[in-house]
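Database features (TrEMBL):
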{"type": "ACT_SITE", "residues": "C237", "note": "active site, nucleophile"}
{"type": "BINDING", "residues": "C100, A101, A102, P103, G104, S105, K106, D131, D158, D184", "note": "S-adenosyl-L-methionine binding site"}
{"type": "COMPBIAS", "residues": "701-713", "note": "compositional bias 'Basic and acidic residues'"}
{"type": "REGION", "residues": "351-418", "note": "region 'Disordered'"}
{"type": "REGION", "residues": "661-713", "note": "region 'Disordered'"}
Amino acid sequence: SHAKEILHCLKEKYFKELQDLEVDGQKVEMPQSLSWYPEELAWHTNLSRKILRKSPQLEKFHQFLVSETECGNISRQEAVSMIPPLLLNVNPHHKILDMCAAPGSKTAQLIEMLHADMNVPFPKGFVIANDVDNKRCYLLVHQAKRLNSPCIMVVNHDASSIPNLQIDVDGRKEVLFYDRILCDVPCSGDGTMRKNIDVWKKWTTQNSLQLHGLQLRIATRGVEQLAEGGRMVYSTCSLNPIENEAVIASLLEKSQGALELADVSSELPGLKRMPGIIKWKVMLKDGQWFEEWKDVPSNRQTQIRPTMFPVKDEEKLKAMNLDRCLRILPHHQNTGGFFVAVLIKKSPMPWNKRQPKVHQKVPQRTGNTEVTAANSDNGSECIAEEPSLAENEESKKIQELQNSDTEQSKKEGVCGPPPSKKMKLFGFKEDPFVFLPEDDPLFLPIQKFYALDPSFPKMNLLTRTQEGKKRQLYMVSKELRNVLLNNSERMKVINTGIKVWSRNSDGEQFGCAFRLAQEGIYTLYPFIHARIINVCIEDVKILLTQENPFLSKFSSETQKKVKDMAMGSIVLKYDPDPEKPGDLQCPIVLCGWQGKTSLRAFVPKNERLHYLRMMGVEVFKAKRKEEELESKTEEGIHKVLPQTEERMDVEDKEHDLVTKMEADLGEEPSRSPVESSAMEVENKIEGLDQSSKNANSHVSQESKDTDASNGKD
């Protein structure tokens, strides 16, 4: 409902203001909706970054885009990169794996699809978003956090050997298979040549030759973890057949009929596409062309592999239906170049078919996972691959730990970081995920204070501290809890859960030491039965525009409700009136605090501006005044940053940097309605340049040519 309100606001206000506007003597082109994206929810503008940032006439529109992006209501993304999630056909009950997820735009689309019904706080499905690069994982967390979902987990693994996870099904351990997998692999990025100047400087045919093997391994690992009947979308921002059709053809050939290419010609009407190609040649850096594997001299056979060549057998080739792949060409609809293939899994992969008896007698090792049994009746498979020496040692360590530590920590509900040495060589050491014990005395006052429904899933509450005071409480869905508890040794979890309560020392005297957090309010609200105040639209405006308004400023109904309520954290709820179509038509839930004589909202700045915009309040000037009044810490930050950086980049970089801290921040300033603190940025600002540079490339452990993988998104 919020998306529809934003669309209405864009069309009725911001786009109208762009009509007949001239910048530097040129008429501004109106933004256009993408005809193939459902419900007009994607728009394209030809305004360049420079014009958008520098023109005073466009400052209001620019500010709107930055602010709405910040609070997760808008995502800026390359148009073609929106296609893969749409072709996955996600439903709210699907278990989804995003294999190479950073920077996270596609992940955000997947989360949005899980929450198609806003009345369901915990969809049965979830997204596990993975990336090999530890730094980019925090960028991913930042993107996902904007959507406030309890159904997302960010993990840090090499996608080509991502471990098998186990889940508990009626007391029985089973391998987790995904209903949908997004496999947007690292690529040479030659499809981005219109916007990426590096491609012109650094492109060579070598890029694709070096990436082909990695791409094939990632795609193979993906289909192994796909459930029967599941869908996997393979995509690249490259047009080179060696990274595209060659990978798909090789995958189809070794699947021996277990996989098929889906015909998606009727999906996304309006999208101009070309069919996949069936013939191509392979070229070396020095300009030598090869049509068949047999032509490749032996001294070149390490660079060129047999899987890079087209299939010669006409019958096999026809059965593959490579023409069902999608090639998006830049000049057809003013986009980047892109390749997409949709695969459907009809049966287990041939190398995974094992007799059940063998499973029980001989534990099969899977990378760094050990799976001892699989149920062949429901198509569960056990994937047996040759583990490397390091992985073998790791498996042995895990095996030793499993009988003692795992059982103990599971009883305590602790999901610590993996004990593997290999993992600690890179990245930060993550805090453990500790689920609240059944009888934790912490929860009783919370339950009483907010009159939580008996159906409230308190077992899904977790904290990031094992000892000492618990400062923040987070929440995950039941399904993700299952994944976390059963796989703490197998995977490196970077982040999961949304913050629902924050410790507030002032609250203790009123009966509850925890105040509600705005991030998790839409998840919590259905379970709260006390401390809810229904407010009218005028009250909402007062709450969002004034720092600490006196009760006398509110409507008499609100004043009456507040009178009988104890001081402390409250929920402020606005319900739209269908008889007043001029008013805001989507419900709003805000966290607030009731003092002795005043009432206030605890809402982050950008979210505050978002709600005001939706209500038709002009925030442009208000924001300017706020900026002047704000403490000089923020000005200090901008001075420290290189002067040459544009403001939009600055905001992006600051946020990329603080994502590491997001999960385990201390208590926010209790006096400021703006929950995000400028100090977090200031503390980290010195390392900004280096961190941002590092976060820009998708570093593959297996690819020698890091330049080649820079084209990813």
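A Cβ is built for glycine as well, from the same backbone N, Cα and C atoms used for every other residue.
A distance of 13 Å separates the Cα atom of K106 (S-adenosyl-L-methionine binding site) from that of C237 (active site, nucleophile). A simple way to gauge crowding: the CB of the residue listed as 'active site, nucleophile' has 26 other CB atoms within 10 angstroms, across all the protein chains here.
Across the fold, the C-alpha of the residue listed as 'active site, nucleophile' and the C-alpha of C100 (S-adenosyl-L-methionine binding site) stand 13 Å from each other.
Max Cα-Cα distance over the annotated S-adenosyl-L-methionine binders (C100, A101, A102, P103, G104, S105, K106, D131, D158, D184) is 20 Å. Contacts of G104 (S-adenosyl-L-methionine binding site) defined by a Cβ separation under 8 A and a same-chain sequence distance of 6+ are given as A129, L139, L140, H142, Q143, A144, in order along the sequence.
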